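Asks: OK, Swiss-Prot features for this one:
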- Gly38, Tyr39, Ser40, Gly41, Ala42, Gly43, Lys44, Ser45: ATP binding site (BINDING)
- 2-241: domain 'ABC transporter' (DOMAIN)
Amino acid sequence: MIELKNVSKVFTTKKGNVEALKSTSLQVKKGEVFGIIGYSGAGKSTLIRCVNLLEKPTTGNIIVNEQDLTTLSTKELAKARQKIGMIFQGFNLLKTVTVYENIALPLRLAGVPKLEIEKRVEKYLRIVDLFNRKDAYPSELSGGQKQRVAIARALSHEPEVLLSDEATSALDPETTDSILDLLLKINEEIGITILLITHEMNVIQRICDRVAVMEHGAVIESGTVKEIFTNPQHVTTKKFVNSAFAAKIPAEVQKELQRTGEIVTLSFIGNSSGEPALAIATKRFQVYPNILSGNITQLKHEAYGKLVIHMQGEKNEVDRALSFLQEQGIIVEGGRTDYGKQVLFG
């Protein structure tokens, strides 16, 4: 559906050349929600603006719907862009016209017939649950409502791809969740492919199927959201995953606890998150776990949780208990045993 092949972007400044993208390649499958996450300056905004050639790449190929956009004429590119919708952090609504006209005007300029415009405006305002505000002006809307209008406007061209450039970063947490729910609904009901960029792990875990992590203009890790959450490899990826779990254990406390036992992180995914495996292990083996922190969050279609525990007992019994937990589908990290990577506490 979307494929970037060795895409680079170099900006020329007074101080010299700045390489915003470094030979980046990735694929987005038809119908999926693909997220790109990274800190400020990682290159994610440049990347997403290259997808519809708002930024022309210095090198590489951008293939959307089996068309290499970098080879198209101006007229051909304009036509191809009609199948690529885009929403932004800043909404970009016309302040002097109504909600209805904000959606209808671009369709009019594109030569869509009047009756079809009326049909589409109503259809997509109903999808974003704002048809009753069609005669309102942007100044009369909340931030979340403005973003819903922007989404309806993008959808009114009936694109096959929707690009989201930090579309929720200016919104409060509750409104962010409502916009994410709307994007997920659109993806599932309309089947539109969504490529989004964000610096918030909450966005990734709520609606994405797959994710790429960017740093210094390059993709440093990618995979399914489940893979990234349960087995992050790069230190930056680990920081993003840990940001989804608020609890932090002070270094002094860790040091003191490690004198009398092992500090272990247990990660649960899907069905295993509901199993009383820890309780069973406590009864079956001579171990005494003390829960230091815990959190359960929801990925797109399944639960994911973490428990940080202080496990006391004879080493042999602790080893057996941790092996048992692994057999139950629980990911075991940390401690003095060789059960996985060193756990990070934030």
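Every residue, even glycine, has its Cβ placed from backbone N, Cα and C.
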Asks: Could you pull the average pLDDT for the domain 'ABC transporter' (2-241)?
Replies: 94
Asks: Note down the number of other Cβ atoms within 10 Å of the Cβ of Gly43 (ATP binding site), including every protein chain shown.
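Replies: So the number of other Cβ atoms within 10 Å of Gly43 (ATP binding site) is 23.
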Asks: So what sits near Ala42 (ATP binding site) in its own chain, CB-to-CB under 8 Å and at least six residues off in sequence?
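Replies: Set apart from Ala42 (ATP binding site) by at least 6 residues yet with Cβ under 8 Å, we have Met214, Glu215, His216, Gly217.
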